Amino acid sequence: MAGILAWFWNERFWLPHNVTWADLKNTEEATFPQAEDLYLAFPLAFCIFMVRLIFERFVAKPCAIALNIQANGPQIAPPNAILEKVFTAITKHPDEKRLEGLSKQLDWDVRSIQRWFRQRRNQEKPSTLTRFCESMWRFSFYLYVFTYGVRFLKKTPWLWNTRHCWYNYPYQPLTTDLHYYYILELSFYWSLMFSQFTDIKRKDFGIMFLHHLVCIFLITFSYVNNMARVGTLVLCLHDSADALLEAAKMANYAKFQKMCDLLFVMFAVVFITTRLGIFPLWVLNTTLFESWEIVGPYPSWWVFNLLLLLIQGLNCFWSYLIVKIACKAVSRGKVSKDDRS
């Protein structure tokens with residue numbers, strides 16, 4: 001085990017040339033990020049999940065009811081043991097041959113069986129009330145963490161000049177605000193990893209799972225080797241559009257169509273501007289070129305930038321979906337559905 005740990009924490013991989021872990025030990029004069037700090041994220045992720053349950057029940061649900069959003073789900077399919085067995089054990093989308101077989105077995109017409117399967121599939125979809133509560137929780141958290149990030153970053157020199165992310169690297173002291181920001185973000189992503197399996201299932205479940213995984217790796221990675229300054233820029237930039245998306249969903253569930261359309265347009269502009277414009281031209285520029293010039297490359301530097309490029313690939317995928325929704329909205333006159341949902 002000692003040999004595996006020594007291999008994993010190899011200084012040649014994690015740190016620039018001639019820097020050791022001993023150089024980054026905490027002293028009375030300065031505090032640096034320590035890997036064991038990240039253990040705090042697990043109990044905090046559980047606390048965030050519990051806060052979410054309380055928030056959805058005692059804050060979001062009353063707000064939804066006040067907006068006349070009902071908990072009523074879709075129409076319930078009539079009980080039928082044979083069709084239920086096919087639905088749960090074989091297929092939720094029977095083909096024409098199976099439909100004809102079931103029709104003869106039950107003495108039902110094919111259209112009635114198709115209607116039963118459609119109603120049964122819809123039964124598993126969450127109600128609008130459940131969707132609203134989930135979106136309101138995410139909106140509240142994203143708004144809080146983005147506001148905190150902006151208030152924190154506007155006081156830092158690296159927001160105004162990204163070269164400060166690399167001056168005197170890795171001997172950059174860890175401040176209380178930076179530590180809180182990082183642990184909070186990491187805890188939230190861990191809570192999303194746990195809750196994603198119980199949350200509303202969306203078409204992009206696999207992509208979102210990959211996104212959360214990459215985010216956790218990036219946050220952990222950049223904290224351990226003290227790339228936290230540029231990490232805060234990445235986090236804040238990616239939080240900027242999320243609250244607007246959740247607000248647009250809430251407006252859609254509440255049937256405030258004009259507000260939904262306006263919020264979606266604002267979200268699309270902010271998302272595409274920040275993730276296809278500012279992120280590559282500002283953040284990737286400093287991680288790829290300014291850091292190469294000031295610090296120079298080393299093994300974990302390559303991994304960090306590879307993860308950032310993977311995030312950029314996901315940004316391009318979601319931007320494609322947003323443009324697709326925008327084109328549909330122009331033809332229909334409104335934003336009727338988020339393709340990510």
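Cβ coordinates come from backbone N, Cα and C, glycine included.
Here is what TrEMBL records for this protein:
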DNA_BIND  85-128  DNA-binding region
DOMAIN    83-127  domain 'Homeobox'
DOMAIN    130-331  domain 'TLC'
TRANSMEM  38-55  transmembrane segment
TRANSMEM  180-198  transmembrane segment
TRANSMEM  205-224  transmembrane segment
TRANSMEM  260-282  transmembrane segment
TRANSMEM  302-323  transmembrane segment
#### Entry: Selection from 180-198, 205-224, 260-282, the stretch that has most Cβ pairs under 8 A to the transmembrane segment (38-55)
180-198
### Query
Near the transmembrane segment (180-198), which same-chain residues lie under 8 Å Cβ to Cβ, leaving out any that are not at least 6 residues past its ends?
37-38, 40-42, 44-49, 52, 141, 145, 148-149, 152, 205, 208-209, 212-213, 215-216, 219-220, 223, 228, 231-232, 235
### Task
With DSSP as the yardstick, break the DNA-binding region (85-128) down into helix, strand and coil residue counts.
31 helix, 0 strand, 13 coil
#### Entry: Tertiary contacts of the transmembrane segment (302-323) (same chain, 6+ residues out, Cβ under 8 Å)
204, 207, 210-211, 214-215, 217-218, 221-222, 225, 227, 234, 238, 267-268, 271-272, 275-276, 279-280, 283-284, 287-288, 339-340
### Message
Within the DNA-binding region (85-128), what mean pLDDT does the predicted structure show?
### Response
88
